[in-house]
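Asks: The disulfide bond feature in Swiss-Prot is assigned to C32-C78, C42-C68, C48-C79, C371-C497, C414-C430, C543-C567, C578-C609. The region 'Disordered' feature in Swiss-Prot is assigned to 95-137, 152-178, 216-260, 286-365. According to Swiss-Prot, the feature compositional bias 'Polar residues' maps to 234-244, 321-332. Look at Swiss-Prot and you will find 245-260 tagged as compositional bias 'Low complexity'. What Swiss-Prot records for 385-632 is domain 'Peptidase S1', and it gives sequence analysis as the kind of evidence. According to Swiss-Prot, the active site, charge relay system annotation covers H429, D477, S582.
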Amino acid sequence: MAMISARRYFLLGLLVLTTSAYVTVGDEGDPCQVRSDIPGICLSSSACENIRGYLKSGTLSTSQVPSCGFGAREEIICCPTVACCATDRGREVQFHATSSERSSLPEPKREPTPEPEPLPPTTTEGKRERESRLDENQNFFDFNKLLSTTVKPQKTHESLKLPTQESMKTPTHESMKMPTHESMKLPTHEPMKLPIQSVGAWGIAPSKTQPIASTQRSFMEPEWGREPRIVNRPLTTPRSRPQRPNNSNFNTNPSPNNNNLIHLVNDRLREQGMQIEPAREVPMVLQTTPTPTPAPTPTQLIDPFEPYRFRGQDRDKDTQPQEPWNDVSNNLDADPAPSIFNPAETRPTTPNPNPSRVNLPEKERPSVAACEKIRSGGKPLTVHILDGERVDRGVYPHMAAIAYNSFGSAAFRCGGSLIASRFVLTAAHCVNSDDSTPSFVRLGALNIENPEPGYQDINVIDVQIHPDYSGSSKYYDIAILQLAEDAKESDVIRPACLYTDRSDPPANYKYFVAGWGVMNVTNRAVSKILLRAALDLVPADECNASFAEQPSANRTLRRGVIASQLCAADKNQRKDACQGDSGGPLILEIDDVDGTYSIVGVISSGFGCATKTPGLYTRVSSFLDYIEGIVWPSNRF
């Protein structure tokens with residue numbers, strides 16, 4: 001168990017190596033250069049053994065280790081091919097050489113004076129005969145005589161006496177005397193009334209002018225001594241000694257030391273790369289006038305069969321685009337050449353093996369009908385904190401945290417989106433390996449370690465990975481998790497709509513990524529709170545040009561960025577989806593006031609976090625047939 005724990009913390013420690021400002025793109029097995037004089041190879045952080053020697057010797061720091069990218073579970077770093085310990089060994093040899101030279105300092109003085117008798121036995125015997133000054137006839141030389149003698153040993157020296165205050169002639173202070181019951185004037189049958197710490201290093205405590213009642217001895221009086229020293233109490237402000245309650249001297253002003261400590265903590269967090277904003281007092285507006293209750297909206301939910309009428313003639317014709325769904329077979333870009341698609345360009349129609357769904361209009365798709373069911377409740381979502389990164393409770397009720405069994409405990413390494421009451425949409429690379437089998441899904445939680453009331457943990461019973469997905473490429477990176485039971489919808493748990501239009505949305509729309517992944521590329525701190533970041537779509541030609549500069553893209557993206565993929569990035573290279581956010585949604589916000597949004601993509605992969613290379617996302621609208629065939633088979637939802 002100790003080895004498992006050590007390995008676990010070692011893996012977590014190696015994740016810190018991704019703080020390097022030098023990003024080298026590659027997959028496992030690709031050659032790389034750690035430094036100009038140190039060759040390397042791209043390996044996972046847990047498989048790199050040589051890096052420990054470089055870090056311990058000081059040859060490299062964590063910020064100097066290049067990153068090759070991210071794998072399914074951990075980061076791929078540029079691992080040195082040559083082991084490092086020469087520096088440490090050199091220091092040890094130098095240290096031992098110094099100590100040996102010091103121990104042999106008197107030997108050079110003996111070399112110029114050669115001794116005529118080189119044999120050590122002859123020399124030692126001669127020295128014993130010449131230097132012997134003891135009488136061999138005395139009793140202590142004969143052990144038998146020593147045992148048989150009856151003579152008492154004579155006292156040859158006086159015993160050492162300890163000095164006293166009288167011999168040292170030092171004045172005696174009255175406070176140095178031990179107190180007695182008579183001096184303290186306390187009854188002997190009531191030992192529990194002794195004052196706390198009455199005798200210490202400074203003598204007896206001064207007597208009190210007024211006696212203290214026995215019911216008020218739960219705290220010490222200020223005049224009993226010095227202030228107690230607070231040792232190893234983290235993140236605590238200095239506090240005053242407890243005093244008796246007095247309404248006249250009650251002070252409501254906070255101590256200035258509290259503000260100083262808060263500023264000190266904020267400064268240290270800013271040095272680590274965190275963004276600390278000053279607190280702002282938001283006045284709470286009390287609504288005195290009664291707000292109009294949503295009386296007409298609940299009446300729409302009385303009829304349980306209303307959501308299933310998705311083929312009626314009386315449906316609003318402007319809710320979804322009227323363009324037909326031409327590509328229903330998901331044969332995405334069969335040509336091997338890189339495809340730079342035009343957002344306004346539509347793909348040619350391919351024959352559909354399913355005759356029941358040929359040229360199905362957008363309005364008749366099960367995903368569109370399911371979205372209308374979700375939005376028919378008439379209950380707006382909670383408004384976001386627009387200028388912040390933290391997501392308010394109820395803003396993204398579709399967010400799901402995927403838990404994996406890691407040495408008997410739950411580890412949340414990927415995210416997902418609840419698209420139906422029993423199905424979660426995520427990335428295929430999050431669930432593709434044996435050690436990445438999801439255990440359960442946590443819904444309705446902002447803090448995944450300390451979830452708020454109302455969250456639900458539902459086991460995963462089935463994993464559906466796209467049949468064309470391969471772990472060696474970035475295409476078809478999409479999967480669906482089936483839950484053991486239906487999620488109970490509430491204000492914080494609700495499915496999300498899927499964006500069904502194949503073309504890119506207008507430029508004035510807002511895009512956000514949300515998740516619990518790495519929030520600081522400097523110290524690799526993982527967020528426990530659901531966060532989001534605003535991104536911009538990157539055109540396909542610019543995205544292909546960026547990925548063409550990465551050597552490993554020739555293997556993982558042989559056809560380039562195709563029409564079933566999206567690219568998004570932050571122009572300032574400060575915000576991005578990072579490790580731990582994989583599988584989460586790329587959210588298209590249509591109206592940030594009433595919370596109308598759709599899921600346009602799934603977080604797939606990227607080269608580093610917040611780099612000049614955009615992040616890669618799986619376009620949801622390209623896989624509607626695949627999703628609907630699992631979630632809503634036979635047009636049932």
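Cβ from N, Cα, C; glycine included.
Have a look at these and tell me how they're positioned relative to everything else.
Replies: The Cβ of C68 (disulfide bond) has 28 other Cβ atoms within 10 Å, all protein chains considered.
Long-range Cβ proximity for C79 (disulfide bond), meaning a same-chain Cβ under 8 A and a gap of 6 or more residues, is found for V34, G40, I41, C42, L43, A47, C48, N50, I51.
Taking all protein chains in view, 21 other C-beta atoms sit within 10 angstroms of the C-beta of C497 (disulfide bond). In the three-state DSSP scheme, C497 (disulfide bond) falls into the coil class.
Under the three-state DSSP scheme, C430 (disulfide bond) falls in the helix class. Counting every protein chain shown, 28 other Cβ atoms lie within 10 Å of the Cβ of C430 (disulfide bond).
Contacts of H429 (active site, charge relay system) defined by a Cβ separation under 8 A and a same-chain sequence distance of 6+ are given as A72, G471, D477, S582, S604, S605, in order along the sequence.
DSSP assigns D477 (active site, charge relay system) to coil in the three-state reduction, placing it in neither a helix nor a strand.
Cβ neighbour count for C567 (disulfide bond): 23 (other Cβ atoms within 10 Å of its Cβ, all protein chains included).
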Asks: Within 10 Å of C414 (disulfide bond) (Cα-Cα), which of the disulfide-bonded residues C32, C68, C567?
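Replies: Final answer: none.
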Asks: Rounded to a whole angstrom, what is the C-alpha distance between C32 (disulfide bond) and C371 (disulfide bond)?
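Replies: Cα-Cα, rounded: 48 Å.
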Asks: Of all the disulfide-bonded residues here, C42, C371, C414, which one's CB has the most other CB atoms within 10 A?
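Replies: Buried the deepest by this measure is C414.
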Asks: Using Cα coordinates, what distance in whole Å links C543 (disulfide bond) and C68 (disulfide bond)?
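Replies: Checking the Cα atoms of C543 (disulfide bond) and C68 (disulfide bond) gives a distance of 19 Å.
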Asks: Need the DSSP three-state call for C48 (disulfide bond) to compare against my parser.
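Replies: It is coil.
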Asks: Just name the most isolated of the disulfide-bonded residues C48, C78, going by other Cβ atoms within 10 Å of its Cβ.
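Replies: Result for the disulfide-bonded residues C48, C78: minimum number of other Cβ atoms within 10 Å at C48.
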